[in-house]
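Visitor: Here it is, the structure in full.
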Amino acid sequence: MSSYVGVVVNDQELQSHFTQVELRSLKSKFVSARTQSGRVTVGDLPSIFKGLKAFNELFEEDEIKAVLAESNPDMDQEIDFEGFLRAHMTLHARATEKEGGPKSSSFLKTATTTVLHAINESERASYVSHINGYLAEDKFLKQFLPIDPASDQLFDLAKDGVLLCKLINLAVPGTIDERAINTKKVLNPWERNENHTLALNSAKAIGCTVVNIGTQDLVEARPHLVLGLISQVIKIQMLADLNLKKTPQLLELLEDDKDVEELISLPPEKVLLKWMNFHLKKAGYEKQVTNFSSDIKDGEAYACLLSALAPELAGPAASASDPTEKAKIVLEQAEKLDCKTYLTPKDIVEGSPNLNLAFVAQIFQHRNGLTADPPKTWVLLEVLDKVSPGSVNWKQATKPPIQMPFRKVENCNQVIKIGKELNFSLVNVAGNDIVQGNKKLLLAFLWQLMRFTMLQLLKNLRSHSQGKEITDADILNWANNKVKKAKRTSQMESFKDKNLSNGIFFLDLLTAVEPRVVNWSLVTKGETEEDKKMNATYIISVARKLGCSIYLLPEDIIEVNQKMILILTASIMYWSMQKHYESVTPEATSPEAGENQTDTDLANEVSDLAIDESS
């Protein structure tokens, strides 16, 4: 079975400074810049870096140019991707100096890259408690649980790779189709290696940093590497709700002069700090909490936060003078909110950053204290501005919090206006329909927005082919041609073809774009409803492992939801074309040769497609 492939940098030391998410983003920027001009020079970098959120507010282009000129005075010098990354690191270091301290996130960059191999026993005990609590009823693992935190049982259990796979699915459900996990009681070396490969690639896919960790490290269960990886996965699980998608009420944290863009770009632990300070400020707490270690050692911030969120459970923590006693009362109060408190009063007093972060995340999950009715209108404008830059007239928009109802209507009227400019079908739809929460109309709008976004992505990749605009018929014909060329027998008559319900066509298509990705021994014939569901679930898992953007549910495949079937097919098409595009970038050839090859290959991907205008 094929596995997730990250961006690989030859210089491992250089790669260790970036997460896979960062590398993919920067690689995309680099490839895009080179596509436009055929080469990337030092002189191209100021405008590229100015467009990045990390540098946009800190530097002007001239400042970026001056910083880069210190080490690269020749602005016409061509650079490769590694040179691009080194320039980014140089500018990032200067940005850190300018802000007066480190800015990097500790959320994803944890013990996996450190040379200090000391094991924090409190953290190990906490992770064991987490595993014992969340996986106690797992069909396979329950025979090995509970784990004794005082023994090496955790590391022994991790050697087969099953535990890591299960934890990843806890953190981001559906990342791994569990049928792909080898769960025999005794695994041979090949099966064990398969599990670890699956776990590592899936960990990368959900945002973990796994630099310099190989399957052999996990087979040997090296304690500092295993704990480092488990720590990251558990943090992702604990902080999963700290984004606008899961908790749109977070918009309440914004002030009048703040842009929602800032909130969207913040890493989860920074959002958690922002949330904590929001409630502390409302409660009259005068200090600013900037970390989960030194700033909360005395327990004062915790006592104030819990009193503000749960006044009915307030205890004598605020009056306790001894930090340890105060921490003990704080934990007792949190337990009344059903928070799983895996840390001890000592962990609070000593300022254990990982455990305190997890504790605050637990409080957030059980009592976030935010309003139940977040301002939705602003989010639609932000999304439209992302998918169609420049389409929103921000001077005519009102930022949250929005007190006056007519201001919400004004925002939504602009949403409808932009939708019509993008050729959305919005007959008899007005801004007030969105304000009133008309679910049917809102879903119709979001569907058209989703389709527009996917077609724009495909259009950008196809720009070299100089052909017609990509249509639904293009996508349909591309998929059928791809499957046919791979000598598979299934075909799709349309996006509402009832034969698609068994999932076989999409498994054929996934095999066509990546021959090793589907394990056909796990595929059913799709004759019963249960078999169809198993295939549909597997399709989504496999597509996600490739890196496709997946928005649908298994039911959408089983019921042949025409709209979602189109988006699934387009997502696979985009991944295939992007992979093809990146594989012929000019790294191994001259710029001219690479560009010509790209033009040819991209044109071949979508050329000679019969266009059905009625679609």
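For all residues, glycine too, the Cβ spot is worked out from N, Cα and C.
Per TrEMBL, the features are:
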- 121-238: domain 'Calponin-homology (CH)' (DOMAIN)
- 266-368: domain 'Calponin-homology (CH)' (DOMAIN)
- 379-454: domain 'Calponin-homology (CH)' (DOMAIN)
- 469-577: domain 'Calponin-homology (CH)' (DOMAIN)
- 585-615: region 'Disordered' (REGION)
Visitor: When each of 121-238, 266-368, 469-577 is checked against the domain 'Calponin-homology (CH)' (379-454) for Cβ pairs under 8 Å, which one has the most?
Guide: 469-577
Visitor: Take every residue in the domain 'Calponin-homology (CH)' (379-454), average their pLDDT values, and give the whole-number result.
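Guide: Per the prediction, mean pLDDT sits at 84 for the domain 'Calponin-homology (CH)' (379-454).
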Visitor: For the domain 'Calponin-homology (CH)' (121-238), how many residues does DSSP put in helix, in strand and in coil?
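Guide: Looking at the domain 'Calponin-homology (CH)' (121-238) with DSSP, the answer is 74 helix, 0 strand, 44 coil.
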Visitor: On the DSSP side of things, how many residues of the domain 'Calponin-homology (CH)' (379-454) fall into helix, strand and coil, could you say?
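Guide: DSSP classes over the domain 'Calponin-homology (CH)' (379-454) add up to 50 helix, 0 strand, 26 coil.
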